[in-house]
Ligand SMILES: Cc1ncc(C[n+]2csc(CCOP(=O)(O)OP(=O)(O)O)c2C)c(N)n1
Ligand SMILES: CC(=O)[C@@H](O)[C@H](O)COP(=O)(O)O
Ligand SMILES: [Mg+2]
């Protein structure tokens, strides 16, 4: 069978296609997207909506010489298909396979590797400045969604881009009206009003018609011609927010009409300065189950049957749902509890709270920094905000957590979903930085539940704190079976007692089952291991410090980054308390982890029960061989 897509080795081949071949190519791209994401899971809806847009961008701009930066990067599958990576799609998001985001190692067409939203305009601004400084004239393209456009960084960049009328930055707004859910807020409203204006093609037709009809060039027509000469339709009525910023605006363009898109992009390219091209797209376009889905138009899906659209997932109750139920319960008890999401109402489990308490739920857009400081304000106003974000997205709100929440000792609870290893989304999505950044925040307390019962309990305890930030952190996936404690000492749960005070294994959150299993294995080799769950992992509790005091070896086990994590924080607390017990930390190395399943990534870094048991046995044996004076922290 003839396949245009299979024969494409890159954008040059794409440019060689005749316009009438492009609808066939678009259909092949859609087919490839559905077939391959059905097997691997991934970001189907955003990519289906960006097929024609990406084809047009690559026909008009000469990538990689003219950089194309995709904001967030989750919609870059089409770009990958058009830049010669079709074969790799069998391994999309799999270990050793194609990344789900642009990846510099994969292709010269991938200038940046992202996945955190709202950065594309800053990259484009920097690239354009670099080219200008080097006297190198070439356009830079940023493709940004309406959701990503709600992020503060995008506006910081616009502020710079608009100020340099001689730097050619083409901003393609891929406006499908949705982030996951419909995009809300003032920016979304402004885009919506632009959407209602006469379309780009209609406007051009009107100008063309008046040119051919009118023999005398009147002032209105002069304006129109002048506008065309500049390659823009800024002769039309004012375009609101973009024009106010000094940006040229082309649009709105039908984002599924390749000819219109190409025409608009060529005009933008010819202008030679900063231009917005506003394309209207439909998330999930061309695949009915995605188009019809009201929740998120199949923003990110697991594997599914491509014919029926039925999901293959059979996973049990997940952490997100457990949190969701617990928060609704807390909200029913506590009228002061309010919830904040950064454009992720459903994925973070806030949808049920929002349905029950709409007036107490705030979607701030993709704006984690604002979310934290706004939460501080809500707390100052007498409420107890719960900010629910994916762990990796807290990173960009560190200063707000530190200075605006913690310095002001405001009772804000941050709930971190997708903590630890998330896996298939790759390096930027692993929630492995949270313990490191939270451990340096004065007055911050972090809990790591091990099962649903402790999640409910620790969320309630967090909501009871009135003098500073609290963080509750749990991973992606199914909630773990209930693991009752033998005894509670302060906040610490003792889960298993060794026959002697040989090794104390401090197992955190989702790593508790592996810790318990490792203790059993070590026991079979004659090493006595007591296992505790600190529950409140930051700061180290005095009770945990005291429990350590009686042991010959302390081993910590966590699924976060090692630097400044729970283990290192405990080791420092032991030093401060002059508890001279050797501490060994089992944690993730402080490196960017390649994509793969969560289990594969954990195994690669020694976070399995077998590896933990082996290391505990080896360390315990080595320490037993030493004289007491050699037992120091130095070899930690
Ligand atoms: C800083 C940050 N916060 C949250 C997310 C999660 N996230 C990924 S895509 C997305 C919505 C993006 O909407 P939009 O830019 O309009 O792209 P679309 O998927 O609609 O094409 C969100 C909130 C993220 N990637 N980065
Ligand atoms: C692009 C992005 O940031 C999210 O869409 C993310 O990929 C979703 O991950 P989950 O599938 O874990 O919700
Ligand atoms: Mg969108």
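Including glycine, each Cβ sits where the backbone N, Cα and C put it.
Taken from TrEMBL, the feature thiamine diphosphate binding site covers 74, 115, 116, 117, 147, 148, 176, 287, 368. What TrEMBL lists as Mg(2+) binding site is 146, 176. The feature domain 'Transketolase-like pyrimidine-binding' is assigned by TrEMBL to 317-482.
Residues from the binding-site residues list (74, 116, 147, 176) with a C-beta closer than 6 Å to any atom of ligand 3: 147, 176.
For the binding-site residues listed here (146, 368), the lowest count of other CB atoms within 10 A around the CB belongs to 146. Within the set of binding-site residues 74, 116, 176, 368, the entry lying nearest in space to residue 146 (Mg(2+) binding site) is 176 (CA atoms).
Counting only same-chain residues at least 6 apart in sequence, those with a Cβ under 8 Å from the Cβ of residue 147 (thiamine diphosphate binding site) are 117, 178, 179, 180, 183, 343, 365, 366.
In this structure, residue 368 (thiamine diphosphate binding site) is part of a helix by DSSP. Looking just at the domain 'Transketolase-like pyrimidine-binding' (317-482), the mean pLDDT is 97.
Those residues noted as binding thiamine diphosphate (74, 115, 116, 117, 147, 148, 176, 287, 368) have their most widely separated CA atoms at a distance of 32 Å.
Close to ligand 2, meaning a Cβ under 6 Å from one of its atoms, are these of the binding-site residues 74, 116, 146, 147, 176, 368: 74. The Cβ of residue 74 (thiamine diphosphate binding site) lies under 8 Å from the Cβ of 43, 46, 47, 100, 101, 115, 300, each of these being in the same chain and 6 or more residues away along the sequence.
Counting other C-beta atoms within 10 Å of each candidate's C-beta, the binding-site residues 116, 176 are led by 176. Residue 74 (thiamine diphosphate binding site) carries neither a helix nor a strand DSSP state and counts as coil.
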